[in-house]
Amino acid sequence: MATGDLKRSLRNLEQVLRLLNYPEEVDCVGLIKGDPAASLPIISYSFTSYSPYVTELIMESNVELIAKNDLRFIDAVYKLLRDQFNYKPILTKKQFIQCGFAEWKIQIVCDILNCVMKKHKELSSLQKIPSQQRKKISSGKSEPPLGNEKISAEAVGVDISGRFMTSGKKKAVVIRHLYNEDNVDISEDTLSPITDVNEAVDVSDLNATEIKMPEVKVPEIKAEQQDVNVNPEITALQTMLAECQENLKKLTSIEKRLDCLEQKMKGKVMVDENTWTNLLSRVTLLETEMLLSKKNDEFIEFNEVSEDYASCSDMDLLNPHRKSEVERPASIPLSSGYSTASSDSTPRASTVNYCGLNEISEETTIQKMERMKKMFEETAELLKCPNHYL
């Protein structure tokens with residue numbers, strides 16, 4: 001950016017600030033750098049302290065420029081420029097808040113100051129029109145005296161509020177004060193005292209005549225009514241915003257809880273209590289069926305083995321001589337008494353042992369069957385009561 005353009009824009013800004021009667025010092029270094037802190041005080045002074053007409057306009061438009069941070073202040077200024085001054089700045093809000101764009105920022109500040117001064121002139125000219133009408137009304141109401149009769153009357157003066165001020169003089173003197181409604185300094189030239197002695201005014205006639213003041217307070221009353229109508233809407237919106245913020249906080253807390261639960265419940269399965277009890281009961285039934293089937297298979301196998309063993313033992317008992325004849329040539333010759341005793345003793349012992357095993361196995365199977373019956377009865381009782389926890 002050329003330094004000549006910056007210097008030219010700074011000179012233009014100085015001229016506008018002189019017209020604006022800006023009382024504070026200007027941070028030229030900050031303006032050259034494009035620091036928004038150097039230009040924001042000038043803008044706030046132009047809107048809030050320069051002209052009472054402009055401040056009234058801002059109050060009527062329900063835009064607040066006081067007690068705000070830089071971002072909200074820029075938002076309000078841009079809205080005010082768009083709605084009331086029909087001006088759109090070249091830079092955006094973010095660009096204006098950032099450092100840089102020095103020449104454009106100085107140009108925007110100059111444009112804002114020119115818009116404010118122009119609006120001030122327009123509003124002041126509109127306020128002068130009712131004051132001129134008031135002058136015409138007051139001049140038209142002054143009537144000439146009816147005759148040359150000497151009337152002893154007190155000196156009468158009309159003050160700003162329309163009341164009569166009397167003094168102890170004999171001759172009537174009417175003093176008319178021209179004033180400005182917005183507390184503007186009144187010059188001595190505007191005061192036109194009428195001291196014509198020949199024009200005598202009767203006090204009773206002045207009391208009878210009604211001085212019609214223009215209705216200046218009507219827009220103020222309307223503005224107050226609008227504020228009264230708008231205030232409940234604003235309060236309702238504020239309450240709704242507060243409720244929305246609370247609900248958002250609740251939603252965030254609920255989301256956090258859900259995330260924690262998801263992390264905790266990873267790899268876990270949630271099952272209803274009734275379904276879980278049904279599953280457990282079915283599992284127990286299946287286990288009992290498996291045990292019973294195993295026991296039955298073992299019992300069947302045991303019976304088959306015992307039958308095979310019994311058949312073999314019977315065959316040995318029936319043919320002991322054949323076995324001895326077959327075994328004798330291969331074996332060493334022994335005494336006849338010892339060999340017969342040994343051959344006869346083994347099958348008998350085996351038959352005795354086999355009978356004892358059968359009795360033990362029958363007793364164990366009966367006991368196992370009784371235990372299985374008890375298990376079935378217990379499972380049936382458990383299935384009857386569904387609220388029981390296994």
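Cβ coordinates are placed from backbone N, Cα and C, and glycine is handled just like the others.
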Next on the checklist: So one of S49, S306, S331, S350 should carry the feature phosphoserine according to Swiss-Prot; which one?
Outcome noted: S331
Checklist entry - Which stretch does Swiss-Prot mark as coiled coil, out of 111-135, 186-210, 361-385? => result 361-385
Checklist outcome for this item: Taking every residue in the region 'Binds with microtubules and centrioles' (11-195), the average pLDDT works out to 71
Next on the checklist: If we skip the immediate neighbours and take only residues 6+ beyond the ends of the coiled coil (233-269), which ones have a Cβ under 8 Å from one of its Cβ atoms?
Outcome noted: none
